[in-house]
């Protein structure tokens, strides 16, 4: 029988045959290798062995031989130095960046693009632009390097040309690469502890027990936690469903911290969806006071309602109004938070579609909307509030047109001033950008970038309202233009009407001879009335006494006559002119028939009514001079001529 083994006792056995062979091979190899020899290449080991042989031969030689060897070593050392210099020169020549020609760029447009080559070219181009005076190619200008860099950045990072141009205006070249690289990486997941229901320490311990790897967000936040990895879904844990925390980006903490709402105040969140900032304000106010959570989108308000119920917020009122019209609904708030809709250029890592979907028209349209919203938000603030009177304006964009430009516009249109945000970190806002100059106090605003602060790009500005009155210069330019147009139009119409009235009264009130009529006709030629050329022509006809018969043709009168004031005056002159044609006809005026006397009395009454500016209808004016009256006058003249 074999040996009986006791299972309770374990005897440690030695290494096996294979392990012993391996160990022996390693010890044998160690004999041939010196210290650190395992890291040397075969050619390096051979060079070291040759060097040892030379040292051994040198010790056995005489002093003369030593001198000769020293000379030879000096020569060889000089040769080595020369070789090193040539190698370094070759490396410098290889490192020097040369702009590609037009043919190479044309080939790149046809053939497949090698991204590794473009990435290396971007690095070399940035290096040249950083030290342009020393590393540039002779005869090449900076614009050529920049145009190539824009093209390569658009190709490598998949941005449109418009956005690359805008980013180059904001960042230096080296910092732009860091920004673009940061947008390719997702920001860390952060959560905000709901202090209405738990403490951050208890929440962290509960999540660690569920297999979540987390850390505090930073010294600047007392409620934030960073999630590195998790074995359970963060948005479906029992703690999340119980309302112990809220999934919220780190940059969204900043505007609420800057606003710093106090207990018992009335606060307006003008664009509240999805409710992260609203619930954060509620926990800072400890469910006291009133928070009005407004949003223009009714669909997005559903998420606000859900988060408010889940987190246990009880001091909020939800409403659905256009923010631009909100001052007409209610006002008098102690503090207002405006997270304005923007282009989203600070959250490209979350929404890569922004790289190619935005252009100049989008930026201008959003900037116009933001200017309207910030004026409405300022009008909703009560400047006489004892504890407040503050407004925080923020966007998730890094464009100057949507940030400093809008705030500078508000400073000019309302009685507000910029104050400290209370945030200890972040970069200062721009006070000058390209050709524009902003208010110097804009350096109190804060900018946050993904490559600098490891959070989404954000802009925060805090304003203090010191008067509820609206300055007189606060009228929109468009409204001023409309008002000026109306004023000019009214003035023009009044100018058009006044000379016309003067001419009517002058012509109608004049009953003298043809000389005065001619002088007044000249004044009419100097002031023509647009659209009424017949007036001046007929007025000149009135000034011709000898040709009254030809000018008073009834067919021509019907065609050119219009029911206007000056034409009636002309008719009166024709009647007087036909009666007073020559000196011979003056005698006939003494012998007047009853029809003529009644006609003259009627004409006199007509002049009196015109003096009082009482015009008759066009039909009545046509009846005054008809064919019958003209024929009667004609017959009277013929009779008088026969009598004479």
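Heads up, the Cβ atoms here are built off N, Cα and C, so glycines get one too.
Note that TrEMBL annotation is computational and uncurated.
Under the heading region 'Disordered', TrEMBL lists 1-87 (among others).
Taken from TrEMBL, the feature compositional bias 'Basic and acidic residues' applies to 36-47 (among others).
Per TrEMBL, compositional bias 'Acidic residues' is recorded for 60-71.
The domain 'SAM-dependent MTase RsmB/NOP-type' annotation in TrEMBL covers 179-466.
Under the heading S-adenosyl-L-methionine binding site, TrEMBL lists 271, 272, 273, 274, 275, 276, 277, 295, 322, 339.
The active site, nucleophile annotation in TrEMBL covers 396. Cβ-based neighbour count (10 Å, all protein chains) for residue 396 (active site, nucleophile) stands at 24.
Positions annotated as region 'Disordered' by TrEMBL: 505-644 (among others).
Residues or ranges marked as compositional bias 'Basic and acidic residues' by TrEMBL: 581-615 (among others).
Annotation comment: TrEMBL describes 621-637 as compositional bias 'Basic residues'.
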Cβ neighbour count within 10 Å of residue 275 (S-adenosyl-L-methionine binding site): 28
For residue 277 (S-adenosyl-L-methionine binding site), nearby residues of its own chain (Cβ under 8 Å, 6 or more apart in sequence): 252, 255, 256, 269, 337, 339
CB within-chain contacts under 8 A for residue 322 (S-adenosyl-L-methionine binding site), separation at least 6: 296
Integer Cα-Cα distance in angstrom, residue 275 (S-adenosyl-L-methionine binding site) to residue 396 (active site, nucleophile): 16
Residue 396 (active site, nucleophile) versus residue 273 (S-adenosyl-L-methionine binding site) - Cα distance in angstrom: 14
Surrounding CB atoms that lie within 10 Å of the CB of residue 271 (S-adenosyl-L-methionine binding site), all protein chains: 20
